[in-house]
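Please see the structure below; I have some questions.
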Amino acid sequence: MDVLSAFEILVKSMLFASAPLIFTAIGGVFSERSGVVNIGLEGLMVIGAFAAVVFNITFASALGGWTPWIALLAAMVIGGLFSLLHAVASISFRADQVVSGVAINFLALGLGVYLIKDWYGAGQTPQIPVPLYYERIPLLYDIPVIGPIFFNNYITSYLAIFIAIGAWFVLFKTPFGLRLRSVGEHPMAADTMGINVYRMRYLAVFISGIFGGLGGGVYAQTITQDFSAGTITGQGFIALAAVIFGKWHPLGAMGAAMFFGLAQSLAIIGSSFPLLADVPNWILLSAPYILTILALAGFIGRADAPKSIGKPYIKGSR
Amino acid sequence: MFNQFSRWQKIMIPVISVVLGLLVGAIVMLVSGYNPIEGYAALLSGSLGEGFYIGETIRQITPYIFAGLAVAFAFRTGLFNIGVEGQLLVGWVASVWVGLAFDLPKIIHLPMAILAGALAGALWAFVPGLLKAKLRVHEVIVTIMMNYIALHLCNYLVRYVISDGQNTTDRVPESASLKSPFFETLTEFSTMHYGIFLALAAAIIYFVVLEKTTTGFELRSVGFNQHASEYAGMNVNRNIILSMVISGAFAGLGGAMEGLGTFGYGFIHGAFSGVGFDGIAVALLGGNVALGVILAAALFGILKQGALIMPLESGVPTELVEIVIAIIIFFVASSYIIAYLLQRLKKGAK
C-alpha cells in the first residue's frame with residue numbers, strides 16, 4: 001500500500017468514526033460547562049440512534065432522499081426531551097448528577113430495546129432503507145490529490161466540524177455563553193448578577209440532549225444502519241472522555257473526538273498498516289481511555305473541570 | 001447520600017422508589033398493550049415459582065450482593081466507584097486464569113482462584129484510588145475509563161493469552177469450581193452454586209469492618225468530613241486508597257463468582273454485563289448498609305431472573321425490568337424531592 005492511499009484511508013475513517021463523537025462531545029461541553037455532569041451522554045446517543053432508525057424505517061417511503069436528514073431532526077428532538085429527565089432530577093430534585101446520568105443510560109437502553117421488541121417483534125430492527133452516503137462536494141472534489149480524500153465524505157462529518165466551531169463561538173464570544181459558563185463556575189455570583197441559574201442549566205442540559213441525540217442518530221445512520229442493544233456500546237463514554245481530554249473546550253473536544261475516532265478505526269483496520277500490525281488491538285481500543293486518565297492526572301497538560309461541576313445549586317445556601 | 005434524612009425517611013425513600021418504579025413499569029405495559037398484572041405475575045413465578053427458578057434467582061443475587069457492597073463501601077468513604085463493572089471483569093478473568101493455570105488440591109486451589117479475583121479487582125481500583133489520593137483526580141471519570149480498559153484488556157486476555165484464539169476459555173477444573181451438585185439437584189438443575197454463602201459472608205465482613213473496627217471508623221469519618229479527619233490525625237490519602245482497594249476487592253470477588261460458579265469459564269464480552277452498574281442501584285437502594293444491600297440485591301435478582309421468563313409467559317419484553325430499574329434509580333437519586341413530599345404529607349396530616 002502506498003503512502004497516499006494509506007493516508008486516504010486514515011483521513012476518511014477518522015472523519016467517519018469521529019463525527020458522532022464530536023456532536024455528542026459538544027453536547028457534553030455545554031452541559032458540563034453549566035455545572036451539570038453528564039454521564040448520560042451514552043443514553044442520549046442510544047435514544048438518538050433509536051429515534052433516527054425508527055423514523056427512517058417508518059417514513060422512508062414517504063420522504064425518500066430526505067429521510068435520513070429529517071430522521072436526524074427527530075433524533076435531536078427526542079434526545080432533547082429525554083435529557084430533560086436528567087435536568088429535572090439533577091437541577092430541580094437535587095439528585096446526584098452521576099447517579100441520575102446512570103439512570104438515563106439504563107432508561108434509554110431499556111426503553112429503546114423494549115419498544116423495538118414491541119414494534120418489530122425482535123431485538124433488532126431491520127436495516128434502515130435510506131442511510132447516509134458519502135457525498136462528493138462539487139468543485140472541491142475536483143482538486144487533484146486532496147479532493148478525493150477530503151471532499152468525498154459524509155456531509156455529517158463536515159457538519160460536526162462546523163458545529164464545533166459554532167459552539168466555540170457561542171460559548172466564548174456571546175453573552176449567552178458567558179452566562180452559561182459563569183453558572184458552572186460560580187452559580188451564586190451568577191445568580192447575584194441576575195442570571196437565572198436554573199434556567200441556564202436546564203438549557204445547557206437540553207442542548208446536550210439535542211447534540212447527544214444527533215450524535216446517536218448520525219452513528220446509527222452511517223455506521224450500524226439498524227438499532228439493537230448493541231448499537232451504541234461506549235461511544236457516549238468516549239465522547240465524555242473527549243470532553244475531558246479536550247479540557248471542556250468545544251474545539252479541544254472536537255480534536256480529542258477526532259483523535260479517539262482515529263484510534264477506534266485503527267483498532268479495526270490497523271492490521272493493514274505494517275507499523276501498527278504488532279500493536280495489540282486492545283491498546284488501540286483503550287487508547288482514548290488511557291489518554292484521558294493521563295490527561296486528568298496532569299501528565300498531558302492539566303485538565304481542570306468547571307469549578308461548580310456536579311454540585312446542585314440551592315438558592316440561598318452558602 | 002442519606003445523611004440529612006431521618007431514620008423513617010431512610011426506610012421510606014427506597015420503598016417509595018421501588019413502588020414508583022413498579023408503577024411506571026405497569027403504565028409502560030398498559031400503554032404498549034400488555035396486562036401489567038399478568039406481566040408481574042409472570043415475573044414473580046419466573047423468579048420464585050419453581051425450584052429451578054429459585055436456584056437461578058439466588059445465583060443472580062450473588063454477584064449483585066458483591067457489586068452492591070463494592071459500590072456501598074466506596075460511598076461510605078465519600079467515594080463514587082462507578083468502576084465496579086471493570087473490577088468485576090478483571091476479577092472474573094483473573095480467577096478463571098488461576099483456575100486453569102494450576103493443578104492443586106481443591107482446598108488450596110479454590111481459595112487461591114477466589115483470592116486472585118479479589119486481588120485483580122483491588123488492583124484495578126487501586127489506580128483511581130491512588131490518583132484521587134495523590135493528585136485529586138475525580139474518581140468517577142477514572143473508574144469509567146478503567147471500565148473500558150478492563151473490557152478490552154480482558155477480551156484480549158481471553159482470546160490470545162488464556163485461550164488459543166477462542167471466544168471462550170476452557171472450563172475451570174473441579175478443583176477450582178464453586179459449582180454445587182447438591183444445590184443443583186435441590187433446585188432441579190439450576191446453576192446455583194456455593195457463591196451465595198461467600199456473598200453473605202462478605203456482607204457480614206462489610207458490616208464488621210465498617211461499623212466495628214477503627215479502620216472502618218476512619219474510613220467513614222473521611223467520608224463525612226475530610227478536613228476534620230485530617231485534623232484529628234487520620235491519614236486521609238491512605239484511607240481513600242484503602243477504601244477503593246477494598247471496594248474493588250468486593251467487585252473482583254463478584255467477578256470470581258461468575259467465573260468459578262455461574263459460568264465456570266471466561267468469554268469475550270461484546271459489552272458490559274451490567275452487574276456493576278446495577279450495583280450502584282443496589283447500593284443506593286440498600287442505603288449503603290449491609291442488610292440493605294442484601295435486600296436490594298434480592299429484589300434485583302428477582303426482577304432480573306423473572307424478566308427472562310416474562311416474554312414467554314406474558315409476552316412482555318425482558319427490557320421492561322431495565323426500565324423499572326432505571327426509574328427506581330431515578331427516584332432514589334431524587335430522594336430530596338421524596339423526602340420533601342413526605343414531610344409535606346406529614347404536616348398535612350397533622
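Just so it is clear, glycine is given a Cβ too, placed from its N, Cα and C backbone atoms.
Any TrEMBL annotation is an automated prediction that lacks curation.
Copying in the features that TrEMBL gives for the protein in this structure:
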type     : residues  : note
TRANSMEM : B:12-37   : transmembrane segment
TRANSMEM : B:57-75   : transmembrane segment
TRANSMEM : B:82-102  : transmembrane segment
TRANSMEM : B:108-127 : transmembrane segment
TRANSMEM : B:191-209 : transmembrane segment
TRANSMEM : B:240-268 : transmembrane segment
TRANSMEM : B:280-303 : transmembrane segment
TRANSMEM : B:323-342 : transmembrane segment
Please indicate, using numbers and ranges, the residues of the same chain that are 6 or more beyond the transmembrane segment (B:323-342) and have a C-beta under 8 Å from a C-beta there.
1-2, 5, 9, 12-14, 16-18, 20-22, 24-25, 28, 278, 280-281, 284-285, 300, 303
Select the range from B:57-75, B:108-127, B:191-209, B:280-303 that forms the most Cβ-Cβ pairs under 8 Å with the transmembrane segment (B:240-268).
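So the stretch in question is B:108-127.
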Using Cβ atoms and a strict cutoff of less than 8 Å, what residues sit near the transmembrane segment (B:82-102) while being 6 or more residues removed from its termini?
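The answer is 63, 66-67, 70-71, 109, 112-114, 116-125, 128, 139-140, 142-144, 146-151, 153-154, 157-158, 162, 169-170, 172-173, 176-177, 247-248, 251-256, 258-260, 265-266, 269, 272-277, 279-280.
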Give me the stretch from B:57-75, B:108-127, B:191-209, B:280-303 with the greatest number of Cβ pairs under 8 Å to the transmembrane segment (B:12-37).
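Stretch with maximum Cβ contacts: B:280-303.
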Taking the transmembrane segment (B:280-303) as the reference, which of B:57-75, B:108-127, B:191-209 gives the largest number of Cβ pairs under 8 angstroms?
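Top-ranked stretch among B:57-75, B:108-127, B:191-209: B:57-75.
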So what's near the transmembrane segment (B:57-75) in sequence-distant terms, Cβ-Cβ under 8 Å and 6+ beyond its ends?
1, 47-48, 81-82, 84, 87-88, 121, 139, 190-193, 195-196, 198-200, 202-203, 206, 210, 223, 243-244, 246-248, 250-251, 253-255, 257-258, 261-262, 275-276, 278-280, 282-284, 286, 288-290, 293-294, 296-298, 300-302, 304-306
Could you tell me what the rest of the chain brings near the transmembrane segment (B:108-127), counting residues at least six beyond its ends with Cβ under 8 Å?
70, 81, 83, 86-88, 90-99, 102, 142-143, 146, 150, 172-173, 175-178, 198, 241, 244-256, 259-260
